[in-house]
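Have a look at the structure below before the remarks.
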Amino acid sequence: MSEQVEQREFQAEARQLLQLMVHSIYSNKDSFLRELISNASDALDKLRLEAFRNKDLEVDTSDLHIEIDIGATGTGIDKAARTLTIRDNGIGMTRDEVVELIGTLAKSGTGELRQKLREANQAGQTEELIGQFGIGFYSTFMVADEVELLTRKAGESSATRWESSGDGTYTIATVDDAPQGTSVTLHLKPADTDDELHDYTAPWKIRELVKKYSDFISWPIRMEVEKTTPAAEEGGEPTVTVETETLNSRTALWAKPKSEVSDEEYAEFYKHIAHAWDEPLDVIAMKAEGTFEYQALLFIPSMAPFDLFNRDGHTGVQLYVKRVFIMGDCDDLVPEYLRFIKGVVDAQDMSLNVSREILQQDRQIKVIRRSLTKKVLSAIKDLQANRPDDYATFWSQFGRVFKEGLISDGDNRDAVLRASSFASTFSESTTLADYVGRMKEGQEQIYYATGESKALLERSPHLEAFKAKGYEVLLLTDPVDEVWVGSVPDFDGKALQSVAKGEVDLGADDDADEAEHGDFTELLTWLKETLDEHVKEVRLSTRLTSSPACLITDTFGITPQLARMYRASGQEIPVGKRILELNPDHALVTGLRDALSASSEKDGLAETAELLYGTALLAEGGALDDPARFASLLADRLARTV
Ligand code: ADP
Ligand code: MG
């Protein structure tokens with residue numbers, strides 16, 4: 001059969017990434033081998049599972065392995081050829097899968113990747129980008145100027161050859177004959193004379209890299225090596241034989257006690273299972289004995305994947321049963337707010353045949369999930385208490401996701417709350433326990449403000465009296481904050497109270513107030529009528545020191561920020577009218593009161609009322625309904641006073 005060779009273009013983002021790789025000066029080029037072995041190992045896992053489930057699949061699974069060849073296959077080592085082949089007899093790919101998996105970037109679901117690429121290119125931060133996106137297969141182009149992939153899917157008769165030199169295009173052809181599985185052949189870039197350390201045609205180098213990066217891989221990784229035996233008699237020729245060596249020790253790291261595993265080994269294992277390039281921030285090893293026996297090895301990453309907020313993003317915990325890989329992204333093993341956790345759970349007494357549907361109902365999985373959750377929460381608490389810098393990294397990367405637990409995990413709400421941190425008017429980052437420790441004499445509640453940015457909140461009129469009294473206010477600026485504050489009533493018996501919601505009693509004495517300020521009844525009634533369209537109530541405030549007025553949401557009302565969030569997600573929810581609170585000490589307020597009782601002509605005063613309302617809205621960062629009208633009222637007023 002004649003080969004139909006077809007030339008195709010990489011998808012745009014893939015092309016940009018390849019560009020990066022081809023020109024990469026990434027300091028850790030060695031990682032390409034880890035990536036290829038990792039892919040091969042995944043492919044073997046998949047085949048074993050497929051063969052187990054589908055008895056009709058005619059494949060030989062008796063010797064699943066990975067093979068590394070320096071030079072052409074079966075000829076021993078041929079350094080001069082400058083090729084390196086990594087072969088597996090795993091699941092393989094169909095032609096369509098090759099196009100889909102290799103020709104496009106499966107991970108480029110969002111525009112964010114494109115954005116990051118552009119930024120990284122400009123700022124010369126490709127190193128970081130490579131780390132962040134963990135660009136598996138494409139990392140081969142750091143060391144090869146041509147890559148050839150030959151693959152045959154288990155159960156199919158024809159195979160696919162894919163070739164590219166990492167420019168904008170690749171060729172793809174259907175071929176008749178190829179062993180089942182996948183082989184990737186790298187045509188290595190010309191040797192760099194002063195770079196012996198990166199000589200990938202040297203057996204010692206390959207041996208070293210496998211040991212370092214892939215020792216724990218459960219499949220044998222083999223390489224043909226030449227063994228030289230000295231000549232039997234003097235003057236004779238030494239004999240060279242070719243032997244097959246297994247390069248990895250294949251020990252499951254999760255089965256070893258933590259003391260016997262080095263940080264580096266854990267880090268490499270993490271990179272393999274998480275398909276990640278960052279270093280893990282923390283390693284959590286667990287062993288449960290008794291009714292349900294299992295081992296778990298979990299990692300807290302140090303860098304958030306760019307799709308962390310994708311709703312269809314997966315958790316990264318793999319399920320093994322008695323050392324056999326069963327499935328990746330096992331969402332039932334950790335709750336959604338811990339979806340950044342990566343790792344492995346190896347259960348002893350579960351059927352190898354278990355499916356996702358069964359797992360959802362499985363009692364054992366529920367038990368495991370509960371204890372993993374507790375363990376992770378205590379690990380985070382531990383970071384917070386003992387490793388502040390690492391905790392800060394954790395929080396900056398995953399805090400926003402973690403806080404979802406305050407809403408979704410009622411059972412562990414207190415633990416999640418304790419392990420969380422928040423910005424406040426006193427501190428860049430504080431725990432609630434520390435906040436409570438600093439509470440002033442007479443302060444009963446934990447005060448917080450929600451809004452779009454810290455800067456905006458800090459200057460909001462709502463905070464004035466709290467600042468004057470020396471009360472600390474939490475400044476909550478993540479969208480999720482708007483939501484969780486509604487489901488967490490208190491901490492350590494101290495109620496959480498929004499500075500912009502409901503009544504706050506900052507200790508002002510009502511009677512003394514009235515004596516001091518005079519009677520505002522007429523003003524309040526009149527303002528309520530005049531601003532009826534905008535507000536449901538007008539009252540005096542204890543929150544304000546320098547602003548004339550502010551707007552308050554009912555205790556159980558929807559804040560404008562929350563309404564905005566719902567709107568952004570396509571849900572329209574009605575925002576009830578709010579309450580206008582007045583500062584009885586402000587000249588504008590007292591002036592308006594006096595003018596009102598002295599005058600019978602109230603039209604001009606109604607404009608003042610509108611301006612007062614508009615100002616309160618603007619000061620909290622809100623949007624005016626009719627900015628043009630507000631502007632013209634204001635301009636008229638100014639014209640009279642210049
Ligand atoms: P990742 O491993 O993170 O998914 P890669 O770029 O390393 O990203 O690989 C892309 C995809 O190509 C893999 O998810 C897998 O489906 C497929 N693939 C790569 N190598 C192999 C292989 N040796 N055998 C079968 N499929 C493979
Ligand atoms: Mg990979």
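Here, residue 1 is simply the first one shown, and the rest follow in order.
Glycine too: its Cβ is placed from the backbone N, Cα and C atoms.
Residues annotated as ATP binding site in TrEMBL: E35, N39, D88, M93, 107-109, 132-137, T182, R356. E35 (ATP binding site) counts 24 other C-beta atoms within 10 Å of its own C-beta, drawing on all protein chains shown.
According to TrEMBL, the domain 'Histidine kinase/HSP90-like ATPase' annotation covers 28-192.
Along the region 'A' (1-356), the predicted structure has mean pLDDT 86. Per TrEMBL, region 'A' is recorded for 1-356.
The region 'C' annotation in TrEMBL covers 565-642.
In terms of DSSP secondary structure, the region 'C' (565-642) contains 48 helix, 5 strand, 25 coil. Long-range C-beta contacts of F137 (ATP binding site), restricted to its own chain and to partners at least six residues apart, with a cutoff below 8 Å, comprise E35, L36, N39, I102, V184. R356 (ATP binding site): 12 other CB atoms within 10 A of its CB, across all protein chains. With a CB cut-off of under 6 A applied against ligand 1, the binding-site residues D88, F137, R356 are reduced to D88, F137.
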